[in-house]
Amino acid sequence: MNNIEATLFLCFFCIFSSSNVHFAGAKQTAGNITPSENPFTPKASLIRYWNNHINGDSPKPSFFLSKASPLTAVDSTRFASLASNHALNTHHSDFCSAAKLFCFPELAAHSLEKHGDDVNFAAYSGKNFTNYGSDRLSGADSFKNYSGGDNIAVDSFRRYSRNSAGHDDGFTNYAGEVNVADQSFTTYATGTTGGSGEFTNYNTDANEPNGRFTSYSDKANGRSQTFTTYSENGNTGYQSFTSYSKNGNGAPNEFSGYGTGSNVVNTGFTKYGESANGANDSFTSYGENGNVPVNEFKGYGDGGNGAVYGFKNYRDQSNIGVDSFSSYAKNSNNEKVNFVNYGKSFNLGSDNFTGYGQDNVGGNVSFKTYGQGQSFKVYTKDGVVFARYSNNVSSNGKTVNKWVEEGKFFREAMLKEGTLMQMPDIKDKMPKRTFLPRNIVKNLPFSSSTIGEIWRVFGAGENSSMAGIISSAVSECERPASHGETKRCVGSAEDMIDFATSVLGRGVVVRTTENVVGSKKKVVIGKVNGINGGDVTRAVSCHQSLYPYLLYYCHSVPRVRVYETDLLDPKSLEKINHGVAICHIDTSAWSPSHGAFLALGSGPGQIEVCHWIFENDMTWNIID
């Protein structure tokens, strides 16, 4: 035992020898500490906190205790001291590793070494590509099954194919089915002549796909870029294109099947095609069948000459969605922009065209069969044609709810023994993390006013994916509570206990669905038990937020019914899972565009809506 450990042990011994604390007993199943377990670990501290703040009759569930920090007592004290002195960033890698946090892996430093030969990467991941294909004459580089299926895929491409001639790049099945993707393309194909870049099945079926294309194909001459099935079926995430094809000459770009079937994926195009000559860009089936796709075009095609931009089936058949076109094709010469089947959403979206085609000389803009909800401000009055404006958008029928997974929402009447129903995907898609000890959390910044400090602590560079993830979580936590809602974001198990007991009292129990068996399959409802006698009751529901450490968004739900039920295999009728479902009785404050109403029909306040508690989410209730 070194001097630090000895000092800590004596300090802890003095504190606890004078307090009424018992460390004897059985293993975690009994909610006590084993004789061999250090009584000063974060987990041991959590068990004592539970004993002191929750009535003794309430069971200590293993799934909750398992989320305690794995830090040793010494490390917990050391990192707490660093946090209180604003020096935790100096031990970022050590902290991430010891506390089992979600941190992006550190890529090898950028190298100035040139790679002049053709490369063929298959089943490869975690690479920093610098100067690949630079100054190349012809040849091709191929990336197949790159970063596929990874939990966290972080790749950086810098100066790739820069100043090359006739050089082709192909990305096939790139970062598909990953959990969190962070892909960076900086000065990619800048100053190239000819050649092509092709992205096929890029970030397909990814959770939280994030990509940044900066100065991509800047000053390129005749180089084509194709994005096919890009971020298809992706979940959340942000894709940014900055100065893409800027100052290019005759460089066609094609987006086909971009973001199709995705859920809340944001895309930003800034200075895309600015001052380009003879650009030819087409967006086909862009954001089609998506749920709330958000796209921003800022300074797109500004100052261009002779460009042709085509949008076909753009955001067609999607749910809601938000598009913003600012200074699009402004100050351009002879540019043509065609929108066909634009924004025919099932639920009214929001589209703003500001400074659209303004001062465009000799060009024309046409809208054919475009949806309701568009706003056109300061656009050129000459050369803009509007045809077949459509406002017969309907939110009825199966076509509307195809993006809402079957079984995600259901009616209370389904919770009857013998009912055959579809189970949604209840698997936790987020990276595995743990809570931080409270003595560390209380010393960490967590507000929009200190966002820069948070980025520094967790090594998140400005405009990086991690910076966006952190900002999004903080913003959601600071969002004002809905009418009748009490909410709090918690980063320690003790904080969650405090919030739950402040709403429900000390006699509480916490539940979650037992496992993920039956997920995405048909199941039969077995024995059903209504919590609190099946009466309308109160609950505190806690849902994970993506953040470096385990962060939960907890909120009070005042009028619900909560059920436990056995889930049976449809063929053998054997028990395969024990599910927890919550039914919201009062939905009057919900948005009319909520996925529950698209899936079930009806609207706010007209029906109750039920859903399962997914893996690693939980609900707190008053103990029976």
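Numbers run from 1 along the shown chain.
Cβ coordinates are placed from backbone N, Cα and C, and glycine is handled just like the others.
Feature annotation from Swiss-Prot assigns signal peptide to 1-26.
The repeat 'FXXY 1' annotation in Swiss-Prot covers 121-124. Note on the repeat 'FXXY 1' (121-124): mean pLDDT across this stretch is 56.
Positions annotated as N-linked glycosylation site by Swiss-Prot: N128 (among others).
As annotated by Swiss-Prot, N-linked glycosylation site applies to N145 (among others).
Summarising the annotation, Swiss-Prot assigns repeat 'FXXY 4' to 157-160 and lists a curator's inference as the type of evidence.
As annotated by Swiss-Prot, repeat 'FXXY 5' applies to 171-174, with the evidence given as a curator's inference.
What Swiss-Prot records for 199-202 is repeat 'FXXY 7'.
Under the heading region 'Disordered', Swiss-Prot lists 199-219. Across the region 'Disordered' (199-219), DSSP classifies residues as 0 helix, 11 strand, 10 coil.
The repeat 'FXXY 8' annotation in Swiss-Prot covers 213-216.
Taken from Swiss-Prot, the feature repeat 'FXXY 9' applies to 227-230, supported by a curator's inference.
Among the features that Swiss-Prot reports, repeat 'FXXY 11' is placed at 255-258, with the record citing a curator's inference.
The annotation repeat 'FXXY 12' is assigned in Swiss-Prot to 269-272.
What Swiss-Prot records for N280 (among others) is N-linked glycosylation site, and it gives sequence analysis as the kind of evidence. N280 (N-linked glycosylation site) is surrounded by 18 other CB atoms, counting those within 10 A of its CB over all protein chains shown.
Swiss-Prot lists 297-300 with the feature repeat 'FXXY 14'.
Look at Swiss-Prot and you will find 325-328 tagged as repeat 'FXXY 16', backed by a curator's inference.
Among the features that Swiss-Prot reports, repeat 'FXXY 17' is placed at 339-342, with the record citing a curator's inference.
Over all protein chains present, the Cβ of N463 (N-linked glycosylation site) has 12 other Cβ atoms lying within 10 Å.
Looking at N463 (N-linked glycosylation site) and N280 (N-linked glycosylation site), their Cα atoms lie 29 Å from each other.
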